[in-house]
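Annotation comment: TrEMBL describes 1-26 as signal peptide. If you look up TrEMBL, you'll see 35-151 marked as domain 'Beta-hexosaminidase eukaryotic type N-terminal'. The domain 'Glycoside hydrolase family 20 catalytic' feature in TrEMBL is assigned to 171-527. Residues or ranges marked as active site, proton donor in TrEMBL: E338.
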Amino acid sequence: MKQIQISLSLSLSLSLLLLLLPLTLSTTTPTLINVWPKPLNLTFPPLPKSTLLSPTFQIHSPNHPHLLTSSKRYTHLLLSEHHHPIIPPSINLSSTSPSLQSLTITVHNLLTPLTHAVDESYTLTVSSPSAHLTSNTPWGAIRGLETFSQLVWGDPPRIPIGVRVSDRPIFPHRGVLLDTSRNYYPVADILRTIKAMGENKLNVFHWHISDSHSFPIVLPSVPALATKGSYGEAMRYSPEDVKMIVDFAASYAIRVVPEIDMPGHTGSWAEAYPEIVTCANMFWTGPEGTAWADRLASEPGTGQLNPLHPKTYEVVRDVIHDVASLFPEKFFHAGGDEVVPGCWKTDPMVRSFVSKGGTMDELLEMFVNSTRPYIVSLNRTAVYWEDVLLDATVKVNRSTLPPETTILQTWNNGPKNTKITTSAGYRTIVSSADFYYLDCGHGGWVGNDSQYDRQTGDSGNGGSWCAPFKTWQRVYDYDITYGLTEEEAKLVLGGEVALWSEQADPTVLDARIWPRASAMAEALWSGNRDSSGKKRYADATDRLNEWRYRMVGRGVGAEPIQPLWCVTHPGMCNASQ
């Protein structure tokens with residue numbers, strides 16, 4: 001989309017000094033062991049010791065399907081991971097403490113569903129011969145299991161004793177967007193991404209399923225959209241695939257938010273229903289000499305749903321119904337971005353409408369007014385990209401989008417657009433391209449581009465509209481409520497990093513997302529500042545180095561952020577002391 005524009009033994013490994021105060025009280029005092037994302041409060045006794053995990057270690061879990069699945073998975077991980085921190089922690093093994101036999105989980109509200117803003121808090125105490133994890137919901141217990149797993153290291157596995165963690169997230173919405181239309185990702189890659197998200201305490205997988213390029217999901221009521229609009233039989237997601245992904249995500253306390261982008265970005269729909277799509281399969285900039293304002297799309301892959309064709313709403317209603325049936329999630333992302341007038345104007349019905357005084361804004365309002373109520377009738381909250389309200393060329397009147405049933409997701413103009421949406425009373429998800437777009441900085445992808453034909457200098461932004469590359473530090477340091485009043489900040493649900501797939505597929509998936517998504521994960525879980533308000537990116541560097549190393553050990557191809565020398569010499573690669 002957007003113009004051519006998944007241990008913290010971290011300080012486990014990074015420090016040899018004793019932690020005398022809670023993590024929340026100091027960012028300069030080296031710690032014995034850390035968890036990523038850093039908990040709000042983690043304390044050790046003055047003279048911490050460790051004990052071995054019993055070879056018969058067990059997790060005693062309440063009878064909850066997803067929590068039971070998670071407990072079995074973590075039991076296996078704890079006994080088999082054998083993580084060896086790059087810098088071994090100097091926590092002596094106790095000669096008097098018995099080995100840790102079990103972790104007992106207590107959940108106060110076992111029937112709490114996995115929904116937006118669900119309580120993810122937990123407390124964890126580790127003493128021998130048993131540890132205790134307490135939470136209000138099963139989803140908080142799953143977060144606590146991840147923390148417990150990161151406290152364990154070595155072969156045979158050991159864990160510090162006398163540890164207490166009290167933890168909860170700052171923001172309720174912490175997500176990763178993956179575009180599976182431009183390039184296809186097999187189910188196994190999606191599951192690995194979700195697994196890594198859970199290990200980073202992220203909780204929303206925003207699945208940008210369809211776009212102009214392909215429609216890869218098989219919907220029972222309109223199967224032709226996938227059979228004709230996908231890249232082929234091997235590149236489709238069946239209802240069984242969706243159920244597997246949703247259930248797997250729930251076992252990591254992750255919600256799967258589906259997005260069906262419309263009415264723009266719908267060229268793939270034309271393979272099955274050509275009559276309802278305007279300008280499909282045309283050259284994206286229009287005939288030679290066409291002004292940018294009259295382009296047919298903002299990137300290659302043209303096609304927009306025709307709001308004037310009755311068949312449009314028959315198909316859209318079937319799509320919304322089937323997607324809502326496949327995904328239990330209460331957020332339904334309906335896209336709404338980058339509608340361009342030029343595409344609609346290629347259609348005779350639209351030209352006639354305009355000739356009689358109709359406007360592009362009225363066309364978009366017609367579409368939104370005909371589809372949003374149906375989304376709401378299915379007990380869903382409609383989520384749209386900010387464009388539907390803020391686009392300079394085609395947008396709807398604010399009265400069309402009641403804030404009570406609408407969420408906006410921002411991606412342009414950084415804090416400015418977040419300010420606009422929240423000041424208008426809309427709950428907002430922040431995905432600023434200036435900070436959170438993971439595809440930026442890899443050059444342009446359109447061919448036959450004359451800007452590269454230079455024998456001196458460079459080609460400006462390298463063809464990447466949102467260059468430069470968004471480093472983990474840029475991601476980490478972003479304050480998503482910057483410039484907002486206290487009341488406006490309350491409307492910010494959280495944020496999402498986004499991987500648009502023009503230049504990404506399974507071969508680069510892990511490195512594109514990790515560990516940069518880890519940076520956002522901590523910033524949105526416990527913040528990017530210490531108790532004095534100072535940004536803690538220097539402290540985070542050494543911890544993220546170790547966490548990235550542990551993620552790789554867990555099968556995630558996260559890219560390195562520094563030379564190994566920096567990891568083995570904590571602090572020596574910082575810009576200042």
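Along the chain as shown, the residues are counted starting at 1.
Yeah, the Cβs are placed from backbone N, Cα and C, and that goes for glycine too.
In terms of DSSP secondary structure, the domain 'Beta-hexosaminidase eukaryotic type N-terminal' (35-151) contains 29 helix, 35 strand, 53 coil.
For the residue listed as 'active site, proton donor', the count of additional Cβ atoms within 10 Å of its Cβ stands at 22 [all protein chains shown]. Looking at the domain 'Glycoside hydrolase family 20 catalytic' (171-527) alone, the prediction's average pLDDT is 97.
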